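See structure below.
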Amino acid sequence: MKLDRKDLLGLRDLSREETELILNTAIPMKDVICRDIKKVPTLRGKALVTVFYENSTRTRTSFELAGKYLSADTVNLSVSTSSVQKGESLRDTIKTIEVMGFDLMVMRHAMSGTPHYVARNTRMRVINAGDGANEHPTQALLDMYTIKEKKGTLESLKVAIVGDILHSRVARSNIYGLSKFGCDIRVVGPATLMPPGIEKLGVKSYYSLDEAINGVDVINILRIQRERQVSGLFPSLDEYAQLYMLSPQTLARAKDDVLVLHPGPINRGVEISSELADSAQALINEQVTNGVAIRMALLFLMMGGGRDEITY
């Protein structure tokens, strides 16, 4: 089956079948990255560019690595040293990149909806690598892949998303993705970090961590996004940690085999204790590995012409 769409801008409009296709395609991709020789010629002759207007370690690097593992020519545009700093408009930047012959652009931008604007104004395929507080589809896909790999299914799981829901594109994409599989999704955090009307997305909202994680299969911890916040949303990081930090002790109300996820980077001692972050229950490093596999799957499906098999 081919991923029959030009762009991947979010999970909200992605069907369950398309989601399953991406997750299933990531399985052989992970086999590739776990072997000694990781290079396959599948996308030889294709060209990929990453354009990040916000800082990134995991997403940008994993997309670059995914492209190289698939033999695509992969270029990272450094916005801080580009003509953007000379006042070049977004539209002109995108057109300049397009006429160089790139097939696909991976874009991150601080303003919600920017990748959608770009997709409407270029022939290149576009993958949204995070747009403001809107969506981060590939993060949610790698989270879902990690959960399915460990649990064997995504069907009807109980999932708690903890922390800064208001500013989190990761939370929104996870809600859109997991809801396709009938998951019981709970969001928990301070009232000032809970977006109004979040229940309209089919989730239950909580302000008590103990209540929210009672009997859950998965806990996805969100980073406190200090760079997006105005002052006064909560009294202090210390008070936030007292109420919402996950530690081995706070997991007592969850299931014994609960999975603990975090998109990174983590703020140790704020959202998650170092003891829990470094424990076997926390899948933070596995998420990073799976992120490469998911992004390889997307590049293959979007640039590989829909071939049924990977070329080894």
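Each Cβ is built from the backbone N, Cα and C atoms, and glycine gets one as well.
Copied over from Swiss-Prot, here are the features:
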type: BINDING; residues: Arg58, Thr59, Arg108, His136, Gln139, Gly264, Pro265; note: carbamoyl phosphate binding site
type: BINDING; residues: Lys86, Arg169, Arg223; note: L-aspartate binding site
Should Arg223 (L-aspartate binding site) be counted as helix, strand, or coil on the basis of DSSP? coil
Given the binding-site residues Thr59, Arg108, Gln139, Gly264, state which is nearest to Arg223 (L-aspartate binding site) when distance is taken between Cα atoms. Gly264
If one looks at the chain holding Arg108 (carbamoyl phosphate binding site), which residues at least 6 apart in sequence have a CB under 8 angstroms from its CB? Val51, Phe52, Tyr53, Glu54, Ser56, Thr59, Arg60, Asn128, Ala129, Gly130, Asp131
Taking the center of the Cβ atoms of Arg58, Thr59, Arg108, His136, Gln139, Gly264, Pro265 at the recorded carbamoyl phosphate site, which other residues in this chain have a Cβ no more than 8 Å from that point? Ser56, Thr57, Ala129, Gly130, Val170, Pro263, Gly291
Cα-Cα distance maximum in Å, computed over every pair in Arg58, Thr59, Arg108, His136, Gln139, Gly264, Pro265 that the record assigns to carbamoyl phosphate: 16
Which Cβ among the binding-site residues (Gly264, Pro265) has the fewest C-beta neighbours inside 10 Å? Pro265
Most isolated by CB count within 10 A, of the binding-site residues Arg58, Lys86, His136, Arg169, Arg223, is Lys86
List the Cα distance (Å, whole number) between Gln139 (carbamoyl phosphate binding site) and Arg169 (L-aspartate binding site). 9
Which of the three DSSP states, helix, strand or coil, fits Lys86 (L-aspartate binding site)? helix
